[in-house]
Amino acid sequence: MSSTSFKGYLLRQSGILKNWKRQYYELAGHSLREFSDKGSPELCRIELVKPCRILTVNDIHKPYCFKIQLKIKSFLFAAETTDDFVKWTNLLTDAIPDSEKQTQDTDAKKVNVNDFEIIKVIGRGTYGKVSLVRFMGDGKLYAMKSMSKRKLSEENNIENVLVEKEILMKSKNPFLVHAYFCFQTEAKIFLILDYVPGGELFHRLKEEGRFSEKRTQLYAAEILLGIDHLHKKGFIYRDIKPENILVDIDGHLKITDFGFAKGNMKSSSNTTSSFCGTPEYLAPEVFKQQPYNRSVDWWSLGALIYEMLTGSPPFYDQNSKKMYMAILFNPLDFPKFLSNDAIDLLRKLLEKDPKKRLGSGPIGANEIKVHPFFCEIDWDKVLRKDIRPSWIPPVENPTDTSHFDPQFTAETPGVSFEDPNLVPIDAQNAFVNFTCNNNDESVIDML
């Protein structure tokens, strides 16, 4: 008989209307006794015997929920605080006879959404949102990206998000956002990522207009090293744009959002033809729907460098059709204030013939590294982040989200409800091995 003993209040959902009622509970041995209040007569007793599991519940409009699952019946509870949630779930699990809790003990090692305090919404996309969260295990801050399984299935994007997870979990590079945990509920998937407090490069450009050549050199060098790392591991990125570049606490850059990345592209002879990316930064061969290789990333890098130096992407036009035609056929225009080295680099990166484009040769990114535009760059120092950036984001405290868009940070933080019954069975099956963390043996360092 277990010596487990604990007393306190919990909310319990019951009745046809599924109302929540605050009751008093006593855990003794393998039994959970329910009372309307402390000192009142016992109302019922739940025996934690074969078979029994204690399960975290995420997909309802109430925090700190858990379920006691018996063979033919379940009981839904909600704790009132994080501490109470942790105490009750741990003690209830301990109260189950050893033969019954073995599987649950294994599951308990898996991180889930209730292990995180959701502080602020910092971004939103087609399939979900990104929130600043604190891991209650050690107090560290992370970004939590949540995505709807239903929406991913409807848009045929499950394969893309699995590639994104692979990159985030396995790539170790200072200029790529990294993932630490991946987990799921019946309705959603969650990625726990680096929290990068300086916000998007997009907002820096919007606020400052354009950057100096010296500042652009370092930014471009850091992005290049991140993209080159992906290429060496067999991925093309396909979505370089300022919205996908984040500024860290020290002013260095990190590439994020690998939803358009494509694997098995290690050689320049490997091609794909999917139409994806952001129009302003797409290479001509993508618009032509021709087979393309990793050189599309060097075009997009050129487009981003052009924007950092001038304040606008090359060929940009509010009329999409005119912009597409300009990307395909028009020559580049350059402001007079650009240096000759900058103009030459941009001409070679924004070369419409992918076979002639800088970086498309057998030595790849090294062709770009030796260009005169980067003559003052020490690439080893860049990789070690030894070069101090000219702009360091002012951050008042660890949870300061002032560098993120107020339309997101003004939202009420939390995990929204989605009906898991709307997720197709094939989508559920696709995510069967999604849950993992970076202590798993399956996670291999890609360096």
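The backbone N, Cα and C atoms fix where each Cβ goes, and this holds for glycine too.
Feature annotations, reproduced from TrEMBL:
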{"type": "BINDING", "residues": "Lys145", "note": "ATP binding site"}
{"type": "DOMAIN", "residues": "3-97", "note": "domain 'PH'"}
{"type": "DOMAIN", "residues": "116-374", "note": "domain 'Protein kinase'"}
{"type": "DOMAIN", "residues": "375-446", "note": "domain 'AGC-kinase C-terminal'"}
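Of all Cβ atoms in the protein chains displayed, 25 besides its own lie within 10 Å of the Cβ of the residue listed as 'ATP binding site'. DSSP assignment over the domain 'PH' (3-97) gives 14 helix, 46 strand, 35 coil.
Averaged across the domain 'Protein kinase' (116-374), the predicted model reaches a pLDDT of 94.
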